[in-house]
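Take a look at the structure set out below.
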Amino acid sequence: SFIFIQDFSQAMSQAGSSQFQEVIRQELEYSMKVELDKILATAHSNEVEHTKKDLEGFKKLFHRFLQEKGPSVDWGKIQRPPEDSIQPYEKIKARGLPDNIASVLNKLVVVKLNGGLGTSMGCKGPKSLIGVRNENTFLDLTVQQIEHLNKSYNTDVPLVLMNSFNTDDDTKKILQKYSHSRVKIYTFNQSRYPRINKETLLPIAKDVSYSGENTECWYPPGHGDIYASFYNSGLLDNLIAEGKEYIFVSNIDNLGATVDLYILNHLMNPPNGKRCEFVMEVTNKTRADVKGGTLTQYENKLRLVEIAQVPKAHVDEFKSVSKFKIFNTNNLWIALSAIKRLQEKNAIDMEIIVNPKTLDGGLNVIQLETAVGAAIKSFENSLGINVPRSRFLPVKTTSDLLLVMSNLYSLNAGSLTMSEKREFPTVPLVKLGSSFTKVQDYLRRFESIPDMLELDHLTVSGDVTFGKNVSLKGTVIIIANHGDRIDIPAGAVLENKIVSGNLRILDH
């Protein structure tokens with residue numbers, strides 16, 4: 001029994017009786033179950049167990065997807081969070097550190113979300129293996145940071161990588177190079193879910209394989225999958241047995257997400273004696289962050305609201321910097337015992353993110369995903385901490401890469417800090433055009449990274465190259481017209497300049 005539906009949600013809203021809607025839902029779930037059973041039947045004996053777990057998790061998500069209608073928040077119920085539910089970092093830092101900080105550190109595990117590929121920057125393989133600074137990759141910097149911590153305090157903070165089926169093999173190969181470093185490294189894999197044909201709402205995969213032409217049939221379901229995968233891997237229980245109490249979770253491409261001893265101390269030694277199970281680091285929005293998820297008060301709980309959940313009529317209000325002043329950095333501190341308790345009760349509630357994709361052949365599919373921070377409302381005594389912007393330094397594009405490779409930052413024991421020579425604490429706004437999107441092209445266009453200490457704003461468009469020792473100050477806009485090429489000569493100093501078309505240099 002098979003129903004062909006153009007747009008499921010539309011059909012559901014038009015279907016008069018709830019009885020009829022229920023029939024359609026049941027039909028769709030039944031058809032999905034039949035297809036998933038067929039896929040499972042193609043698994044080799046050594047794959048059956050984990051494939052079954054993956055498909056069970058997917059079925060639960062699909063069931064919820066069919067139940068939920070429209071944006072998942074009622075805008076009228078959204079309130080600003082109470083004053084004390086988001087603490088300023090300065091207040092937490094002012095408490096200082098106890099003498100026994102090593103014993104507190106020994107209760108910590110650092111978890112990095114390492115499921116992403118470097119495709120948006122034109123790289124094959126895991127994003128964490130892209131070189132970001134002096135030949136060091138994201139992963140190198142992470143290991144150096146934790147090793148420095150372990151050596152300085154004589155502790156044993158382990159690193160856990162949540163890989164996806166896209167990044168697991170390449171990451172494991174590279175881990176051998178850290179075998180002599182003073183960091184224990186563990187990995188576990190997030191789930192592998194089938195992509196769904198947008199029109200039929202059935203999986204496009206016909207069997208379990210995910211190589212060759214089947215690579216597009218599967219996807220890792222977002223970082224909200226960490227709770228189930230971490231628990232299912234057995235690693236969560238092992239770490240609890242070793243006496244670990246908190247994880248610090250962050251994206252591996254956020255170079256600002258280093259272990260903060262003041263936040264850790266606040267968690268382990270709370271001023272009111274009541275421990276938080278979940279802390280989300282938030283930071284003040286700038287114009288560049290209007291799409292970031294924000295913390296709100298909703299039905300007496302702290303709740304993360306993402307732009308995808310906002311009814312269309314309220315999107316502008318959501319983006320406004322005046323009403324929602326902060327956004328989620330995705331640096332999270334979570335109690336291991338709480339993850340175990342909630343996972344065993346099946347009580348972690350995260351909104352479903354429906355992510356539409358178009359495959360190379362033109363087929364429209366959807367991916368059902370969840371976000372790790374959305375679980376905040378399921379934990380007890382959650383807290384937001386408003387941290388300095390320096391703890392949010394993500395490298396999503398080559399424009400970001402230019403900033404972290406430049407003299408704006410100095411590198412020490414794997415951590416990047418803003419150079420003391422920069423007079424403003426804010427980062428310049430950098431927009432590199434499409435000729436710079438791929439890392440290889442970007443590197444080819446800079447003979448050396450320009451001096452950017454006094455830069456406020458850089459826009460580059462078209463076929464532009466930079467010679468050695470160029471210095472950029474103030475606002476610099478360089479636009480090569482189609483068919484033209486601009487070579488900024490070695491040693492050039494551009495201060496408040498617009499360089500256009502045929503290398504005319506004008507005052508800005």
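Just so you know, the numbers here start at 1 and follow the chain as drawn.
Even glycines carry a Cβ here, placed using N, Cα and C.
Features of the protein shown, as given by TrEMBL:
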| type | residues | note |
| --- | --- | --- |
| BINDING | Lys127, Gln190, Gly222, Asp253, Lys396 | UTP binding site |
| BINDING | His223 | substrate binding site |
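This view paints the features noted in TrEMBL onto the structure.
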residue	record	contacts (Cβ under 8 Å, 6+ apart)
Lys127	UTP binding site	Gly116, Leu117, Gly118, Met121, Phe138, Thr167, Ile252, Asp253
Gln190	UTP binding site	Gly115, Met162, Asn163, Ser164, Pro220, Pro221, His223, Asp225, Ile226, Ser229
Gly222	UTP binding site	Ile353, Asn355, Glu369, Thr370, Ala371, Val372
Lys396	UTP binding site	Ser120, Asp253
Protein Cβ atoms within 10 Å of His223 (substrate binding site), excluding its own: 24
Cβ neighbour count (within 10 Å, all chains shown) around Asp253 (UTP binding site): 22
Where the record names Lys127, Gln190, Gly222, Asp253, Lys396 as binding UTP, the maximum Cα to Cα distance in Å: 21
